Amino acid sequence: MHSEVTPIHHYKKYWAECFGTAPFLPTSREEMDQLGWDSCDVIIVTGDAYVDHPSFGMAIIGRLLEAQGFRVGIIAQPEWQTKDAFMTLGKPNLFFGVTAGNMDSMINRYTADKKIRHDDAYTPNNKGGMRPDRCSLVYSQRCREAYKDVPIVLGGIEASLRRVAHYDYWSDKVRRSILLDAKADILLFGNAERALVEVAHRLANGESINKMVDIRGTAVNLAQVPEHFKIIDSTRIDQPNKPFVPSNPYEVETQCATKGDEKEEAQPITIRPSRHDAKTTAVRLPSFEKLVNDRILYAHASRVLHLETNPYSGRALVQRHGDRELWVNQAPIPLTTEEMDFVFGLYYARVPHPKYGDAKIPAYDMIKTSVNIMRGCFGGCSFCSITEHEGRIIQNRSQESIINELKEIRDKVPGFTGVISDLGGPTANMYRLGCSDPKAEANCRRPSCVFPGICHKLNTDHKHTIDLYRAARDVDGIKKVVIASGVRYDLAIESPEYVRELVTHHVGGYLKIAPEHTEKGPLSMMMKPGMGTYDRFKELFEKYSAEAGKKQYLIPYFIAAHPGTEDEDMVNLALWLKSNNYRCDQVQNFYPSPMCNATAMYHAEVNPLKRVKYKKPEKVPVAKGEAQRRLHKALLRYHDPANWPMIREALIAMGKRHLIGDRPECLIPEKDSDLVTPAQSRKSGRHGANRFATKHTHSQPGFDALRGNKSGGQGRPNSGNKSNQGKPAGSKPTGSKPTANKPAGNQSARSEQNRGQQGQRGSATGGKPQGSGRPASRGNTQRQPQRAR
């Protein structure tokens, strides 16, 4: 369809290819000397420790440029107070590549409640504070101080999701595009391999960076828009039509049909060009200055942006910032399977740089034996920015490429035990799924392929995933393949054979899934399926677990305080948790990360998923105050005695006193108990071994003995006694998730909404949407989607 796109492995290599492949990309002058380099062509500045592994951005981008023949150096986590650290490798011949790392630096540094974190999984020994706030901006400014005439190419997830004027949760205001604040020359959004290779080769050929205004997947700062583009104005919401002027019924007509003598001549047929030709049309967003003080207009701008994300039919965007024009080119064309295999088939040492010695890097330990099999997500969850970053079209690796990486892990990773920790990506089961109609895919503007029901054109056959799992199990030296990425259970129930394969061979006792909520209001704002879909998956999960003779459990994840969630919704969710014997040790409030639809809801308090109007906009309830956010979080931990006073006060205020007491249908007891807190009951403090656990109670025989609890669960039910609780299960990471093995440092920003972990079966509480299949027109039961982790 786009034959004019040059494959990333078909460019003529730069002359420096004669130096060959480096064991590690150099991080010092001494290493450059050992390689025989007098200078670097490209220097990558990153906020993460340098790990030469394809799940880390600096490695995959560095190795890709190296494969093009360029000499690439790495400056990892430099001291940012002065320019000195940015000059350690000398002046790059072509450009500085600046990235904050695999995670947004603000999400990495602050919790959803804006409290400072004291750890950093991407830093040796988990040490916090090794990168500045707004990392991309600071690094760019220091690079400019070091060498004023060297082009700065901005990339990574932090820059990608801030490419236009955006709401900034941490300062609670709308900020300019990061391209203007950082004073960089060009911004690459998405995974960006295609754009980066083109920029590098054009610079190597002597072209000025200022001339590169037409590269897909880039944003540039211009004085005026290109002349050959037609601009569609979307800066206003309620555009008034021309006023209706009634005609005078008594007016005498001087010309009429009976008086006409002239005969009309035949006119030539002309074909009017489409006004929506993506190649010659751009959409003007409201200016930054207007968005600062107009929340409704901000929601409108967010909606327009999300409608223009299709790489084939989406148009360029232009936004005024003062006297400058921010020009955002069309989204990049997805990589083909051949290109994906090329990127992941490059040489990687698969270990941290030797300069770190024996220091532990938690993010690396988490993904060192996992394999990324695909990119992208068509789920469209409103709180997730994976689609905005990686795209809606799934980019797949071949089975052969994946199997080769499994063998490489077996042979190269120190201490490999034979267990593959994950085969996945943004989600576990979208491998080789997609639209069955290429023409429809090229023109589709739906924000989700699975909400409110699965599109009838979506191929949901999991055959390729099943074949991949079986081939992975047959690799010599591989004892176990675990699926740790979140499963899209709404897709999984379309293929029961996949559920059987997954449950029988690839679940390590617990399986993560993400219903996110139980109530219709929040679920509709999240663009997630109803609990009927969850119940159907749970039935299949339990059925196939029993057939395999295994005791296995679902670990659902929930988000508190998401836009669209009211206090009563959280009470109903808490009742659902209690009725299903779930106790959540660690939960997560909604985190408004840049560019998400849910972030626009949070800021504007209206629904950007539908047409936005000034007159009677669809209001969305938002928990913004600290007290309400604390309450929503506390309700997910209804079993914690420390939360009972707050919950008790809220229930009384809501007129739900009947939920207070010792009866089975009550949520919390009438009086506080002297029983220990959940942290004390598991014999650990805030940083204990079970800190991230979610517990399923009463349903795991014999587990009390494993916990050293011989009393067998004495005490008042649901009063805070944890003696009956089950095993700890893994928690979701914050921000873009390294654990799910996302590609190349652009670990999507699933942000850290999803640390909350709970629930298992639907109850009668609340008004939850039901259904577990395709729309009725497909001949199946109703079904609504979910967004997997």
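Please read every residue number as a count from 1 along the shown chain.
Each residue, glycine too, has its Cβ placed from N, Cα and C.
Pulled from Swiss-Prot:
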BINDING   Cys377, Cys381, Cys384  [4Fe-4S] cluster binding site
COMPBIAS  683-698  compositional bias 'Basic residues'
COMPBIAS  716-726  compositional bias 'Polar residues'
COMPBIAS  733-763  compositional bias 'Polar residues'
COMPBIAS  778-789  compositional bias 'Polar residues'
DOMAIN    363-642  domain 'Radical SAM core'
REGION    669-789  region 'Disordered'
Per-region confidence, the domain 'Radical SAM core' (363-642) (mean pLDDT, whole number): 95
Cβ neighbour count (within 10 Å, all chains shown) around Cys381 ([4Fe-4S] cluster binding site): 29
Neighbour tally for Cys384 ([4Fe-4S] cluster binding site), based on other Cβ positions within 10 Å of its Cβ: 28
